[in-house]
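> Got a structure here, written out as structure tokens. Questions coming.
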């Protein structure tokens with residue numbers, strides 16, 4: 001490896017930023033660059049003054065917040081006593097990951113880029129703004145940005161590209177060595193992972209709480225197109241606490257049939273055990289894997305074989321392929337010229353890693369197990385809004401889960417990994433435990449007892465507001481306004497009886513929109529416009545907070561348009577002043593959103 005020393009630092013909430021960072025590390029090593037990859041909060045930030053070349057990969061969460069694993073760094077880098085020449089010896093680039101449906105799109109990356117410039121660092125490139133909403137995902141922006149990055153790095157620092165390392169016939173050393181064991185260990189990997197929680201703190205990703213599932217009930221009508229479940233867990237004795245707006249993270253598993261198919265394809269014995277050893281200094285073993293570990297545990301609980309592969313997957317698979325025709329096709333799909341074909345083959349139909357491997361059987365059978373850790377991402381936890389309050393339901397945690405199932409041109413329907421797994425669990429057939437933990441969500445509710453709240457929650461977006469309403473009602477807080485939308489009142493009107501009972505007691509103002517019950521479709525934004533005088537009175541004269549949760553596609557923009565119209569019609573504001581009023585509500589956190597694709 002040649003100089004310079006490249007450092008890649010990431011702040012990641014769901015794992016995408018970490019995946020991109022590891023891709024950067026692989027591409028750097030292929031170019032003979034010494035490269036270290038670290039989470040921002042695991043890197044000693046005071047050492048930045050000695051780093052010549054740093055790439056920051058940062059996601060933006062919630063209302064423009066940094067991810068959990070970069071919050072300490074975030075506080076440090078914005079200290080006022082840092083000198084404007086603190087980082088004058090550093091060249092840097094910032095790659096952001098965000099969602100353009102949010103008001104503060106890539107806010108963390110943009111702000112970090114400006115701050116590094118203030119501290120004297122030199123930017124190699126403008127900040128990259130990856131967008132989950134793009135048809136091709138963040139890679140649509142990341143790929144051309146990376147090409148420019150390597151040109152900048154290779155140019156001024158004169159690091160040649162090693163042709164040997166880019167030839168498919170030459171294999172780079174795996175990150176880990178994998179040693180299969182003779183016979184089974186005394187304790188199984190399953191026993192090692194259901195060890196309960198860390199007595200020093202609440203449950204976390206490394207120590208989730210195996211929560212007993214108490215109920216798994218379908219709450220949509222039998223003729224409704226979507227299966228939506230109300231699932232309840234017992235969290236007594238876990239140390240878990242949460243408030244309205246918080247989210248629960250659940251660690252799902254691959255289907256047993258997929259695990260069996262994957263093992264057969266790669267010639268693996270699911271009952272065999274192995275140990276791992278890092279092959280590079282400073283690289284830890286995967287924290288979520290027990291040592292020793294069974295192949296079954298690795299494939300069912302760690303490798304995300306049901307995910308849609310990224311472009312880098314095809315590139316890596318080509319290097320591992322001994323089959324000439326399959327390798328040529330893989331290289332074509334991973335090339336810059338092959339991106340439209342890759343989108344047509346993989347991205348649009350949502351073809352999974354397992355299905356791709358089935359299409360390249362000679363390559364799949366030749367993949368050495370040690371390379372699986374670089375080839376296939378790990379299963380990421382899925383976040384769900386908590387739909388209950390501890391004040392109303394002590395030691396209980398409820399979620400509302402829409403089971404993801406849809407068709408593409410592929411023969412088999414596409415299924416959401418976590419939602420399908422949860423739906424398959426039946427506590428009526430015996431004890432069921434689900435690994436979970438809790439973290440703060442993107443919505444925070446006012447603590448002052450007389451502050452009204454306006455909540456807009458169509459579909460399953462209403463889950464977080466059920467927790468908020470339960471919490472506020474338990475505390476005797478009135479002034480709760482809920483706009484709820486669904487297709488039909490007899491099919492997907494979640495918690496209808498509960499809402500109506502609270503309305504009769506004076507705790508809730510419920511305004512509904514049933515989109516399919518009349519010829520003209522009726523949505524929550526239409527109801528908001530109809531209730532313009534009420535909305536303006538609550539926001540302008542009573543200091544209400546406004547909340548929005550649900551699908552990110554069209555609804556958030558339509559609701560924002562409805563609000564600006566109300567500000568003009570009821571408040572007499574000009575178009576520019578109405579937009580500024582909305583922006584001020586967002587800036588002061590009196591308008592908060594939680595949306596998803």
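Just so you know, glycine gets a Cβ as well, placed from its N, Cα and C.
Sharing the feature lines straight out of TrEMBL:
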| type | residues | note |
| --- | --- | --- |
| DOMAIN | 6-150 | domain 'Flavodoxin-like' |
| BINDING | 12-17, 59-62, 97-106, 132 | FMN binding site |
| DOMAIN | 206-447 | domain 'FAD-binding FR-type' |
| BINDING | 350, 382, 383, 384, 385, 416, 417, 418, 419, 596 | FAD binding site |
| BINDING | 460, 515, 516, 521, 522, 523, 524, 525 | NADP(+) binding site |
> Find, among the binding-site residues listed as 12, 515, the one whose Cβ has the highest number of other Cβ atoms within 10 Å in the structure shown.
12
> Can you break down the domain 'Flavodoxin-like' (6-150) into helix, strand and coil residue counts using DSSP?
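For the domain 'Flavodoxin-like' (6-150), the helix, strand and coil counts are 58 helix, 36 strand, 51 coil.
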> Tell me, roughly as an integer, the mean pLDDT over the domain 'Flavodoxin-like' (6-150).
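The average pLDDT of the model in the domain 'Flavodoxin-like' (6-150) works out to 90.
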> Find the shortest Cα-Cα separation between residue 522 (NADP(+) binding site) and the binding-site residues 59, 102, 383, 417, 419, and name the residue that gives it.
102
> Could you tell me which of these binding-site residues, 102, 105, 523, has the greatest number of Cβ atoms within 10 Å of its own Cβ?
102
> On a simple 10 Å Cβ count over all chains shown, which one of the binding-site residues 383, 417, 524 is most densely packed?
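Result of the Cβ crowding comparison: 524.
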> So which binding-site residues out of 59, 105, 515, 523, 524, 525 end up within 10 angstroms of residue 385 (FAD binding site), measuring C-alpha to C-alpha?
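Among 59, 105, 515, 523, 524, 525, not one has a Cα sitting within 10 Å of that of residue 385 (FAD binding site).
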> I'd like to confirm something. Which of the binding-site residues, 15, 59, 99, 102, 105, has a Cα closest to the Cα of residue 524 (NADP(+) binding site)?
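Ranked by Cα distance from residue 524 (NADP(+) binding site), first place goes to 102.
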> Of the binding-site residues 12, 102, 105, which one sits closest to residue 460 (NADP(+) binding site) when you measure Cα to Cα?
102
> Whose Cβ, among the binding-site residues 59, 522, has more other Cβ atoms within 10 Å than any of the rest?
59
> Could you measure the widest C-alpha to C-alpha distance across 460, 515, 516, 521, 522, 523, 524, 525, the residues recorded as binding NADP(+), and give it to a whole number of angstrom?
19
